[in-house]
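**Student:** Here you go, one structure.
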């Protein structure tokens, strides 16, 4: 029984504050053209809205008194959802793609790694270049750093170094990000 009460309480919080759901003693009312009408009791403001065939919607409940607007709620909700979809379309989530190699890499394999990294960078992702060591190879970390610097030089037209080559345990890593198009 208690769980049902919690769920109904949660549902009532998630519902938009329109018309009869407005529980404030006084509200500031703005009409559909954006002009302030004044401070009213919610019942009077709802009557004003219904006379025009519109809804009373809480726009800002943080101010004192809360601000309500007289508008068509269906149209308002549609435009809000449309704005959210447009904003989602415009945002690009860049992820980090990893290119792994050894410091004793052959020239052809190196070119394959460069091609992989350039594809990732051109699609807008960041690239983490990792060189791993086994056993005593860690003594040659300077060769790995030179190899990563060569890689950065080869990709200088499309990438910029976000994190310089550095040792991380048994690895040497470098982070590249795509150049900003201006």
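Every residue, even glycine, has its Cβ placed from backbone N, Cα and C.
Per TrEMBL, the features are:
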type: DOMAIN; residues: 18-87; note: domain 'Translation initiation factor 3 N-terminal'
type: DOMAIN; residues: 95-179; note: domain 'Translation initiation factor 3 C-terminal'
**Student:** DSSP-wise, what's the residue breakdown of the domain 'Translation initiation factor 3 N-terminal' (18-87) into helix, strand and coil?
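**Tutor:** Looking at the domain 'Translation initiation factor 3 N-terminal' (18-87) with DSSP, the answer is 28 helix, 21 strand, 21 coil.
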**Student:** Treating G and I as helix alongside H, and B as strand alongside E, what does DSSP give for the domain 'Translation initiation factor 3 C-terminal' (95-179) in helix, strand and coil?
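**Tutor:** Going by DSSP assignments, the domain 'Translation initiation factor 3 C-terminal' (95-179) contains 36 helix, 32 strand, 17 coil.
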